[in-house]
Amino acid sequence: MLIRWGVLPPLTASKFPEAMRRSSSPWLRSFGFAVLIVASCLIAEVGASPGDQGAAYQSCVQRCLTGNCSTSELLTLFSAQRPWYLGALRWDCAEECRYDCMWHALQFLRKRGRPVTQFHGKWPFLRFYGIQEPASVAFSILNGFCHLWMWRKFRRLVPRSAPHYLIWKGQAVLSINAWFWSTVFHARDTPVTEKLDYFCAFSLVLYSLYSLFMRVLGTPHSVLASLSVTMPFVAFFAYHIHYLAFVHFDYGYNMLANVTAGLLNSLGWLAWCWWHRRRRPYVWRCALVVAALNLLLLLELGDFPPWHFLLDAHALWHLGTAPLPLLWYRFLIDDSLYELHKSSKAAKDGGTTNGASSLPCPSCESHDLLLSKVGGQLTQNGNSIGDCSGYT
């Protein structure tokens, strides 16, 4: 403990607008009308948090900085006494002062019957070996693992020759990358980790919209056609990152960009699922994922102080999104196999749309039955394709 606690002057009236709640979940910025509501609330409430504006907190921080961080000798002593895990996560003397004084201020408020409040735009959390938000870190890792696990299933069940294979591979890579930086950001909130988390999250949001365009338009028949869709997305992403990194890191603009892309993505997939609901019964998985994400956003609207300073609404949001990749990749597997059956049968029949392409593909589990109806197992380089054996 860096500070000797003493009697502090009475808490003065604090400014009530709270800082923007900086949520970093890649999925939060991706889907639904509820995202727009959340974004409106966040953008409207930019300012200082009540906790860090209170006299108890500010007085404590000032005393701590003077008594522990004001000279090179004191900083050397601090470094020598600092646990290795705090050093590994680069907790410096000033940040330790703010962390310790946050708990002092909360104790001060509790004795006077006042509620838990935010500090510097974030709820107070108990650190675990220097990790700022242990629950969000654990659930971010869980999300990333689910994406990795299901992508490995996708690779095993879907051949590389399947339409849109590379599109879904790109989405899987960006998803895993986004959840990695979400983990890093929740473990240690710094300007660098914040930017990396935001940039990687937006890359996933924008790519999700791009993958929708590519899926709806079908496989491009030329490089020019592919570039005509790809380059506008690349150009906007480059502009977005350049503006935030080198011009102005604008939370409101960033949220608006994410909400716009996420809303278009959500509406587009729901419309696509509705259009294909009869021919492709497996689309219910896609629709369910979109609906679940929108419902989970209610957790963000009902933001509350962390339970026992460990588990808050945002951590529960991360927990809720973790199982969704299990459904999403099942949908991608079924859709890829369906498209593969269509294209393979069309090529075999000389470009006709009879046979497999005219039959609905209920799900991956029954695709072998579909193949038997149209005259045997399709092959790719002499090997059976789309084999669902072992897929559960």
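Glycine too: its Cβ is placed from the backbone N, Cα and C atoms.
Annotations in TrEMBL come from automatic prediction, not curation.
For 1-48, the entry in TrEMBL reads signal peptide.
According to TrEMBL, the feature transmembrane segment maps to 135-154 (among others). Through the fold, the transmembrane segment (135-154) approaches residues 25, 168-169, 172, 175-176, 179-180, 182-183, 186-187, 310-312, 314-315, 318-319, 321-326, 328-330, 332-333, 336, 391 of its own chain, all at least 6 residues removed from its boundaries and within a Cβ separation under 8 Å.
The feature transmembrane segment is assigned by TrEMBL to 166-184 (among others). Beyond its flanks by at least six residues, the transmembrane segment (166-184) meets 24-26, 136-137, 140-141, 143-144, 147-148, 151, 154, 193, 196-197, 200-201, 203-204, 207-208, 211, 214-215, 318, 325, 332, 336 of its own chain at Cβ-Cβ distances under 8 Å.
Among residues of the same chain six or more beyond the transmembrane segment (196-217), those with a C-beta under 8 A of the stretch's C-beta atoms are 24-26, 28-30, 164, 167-168, 170-171, 174-175, 177-178, 180-182, 184-185, 229-230, 233, 236-237, 240-241, 244-245, 254, 257-258, 261-262, 264-265, 268-269, 272. Positions annotated as transmembrane segment by TrEMBL: 196-217 (among others).
Sequence annotations record features per position, and here TrEMBL assigns transmembrane segment to 229-249 (among others).
The feature transmembrane segment is assigned by TrEMBL to 255-275 (among others).
Summarising the annotation, TrEMBL assigns transmembrane segment to 282-302 (among others).
With a threshold of 8 Å between CB atoms, the same-chain residues lying at least 6 positions outside the transmembrane segment (314-333) that come near it are 21, 23, 25, 27-28, 133, 135-136, 139-140, 142-143, 146-147, 150-151, 153-154, 157-158, 168, 175, 182, 282-283, 285-286, 288-289, 292-293, 296-297, 299-300, 303, 306, 364, 391. Marked as transmembrane segment by TrEMBL: 314-333 (among others).
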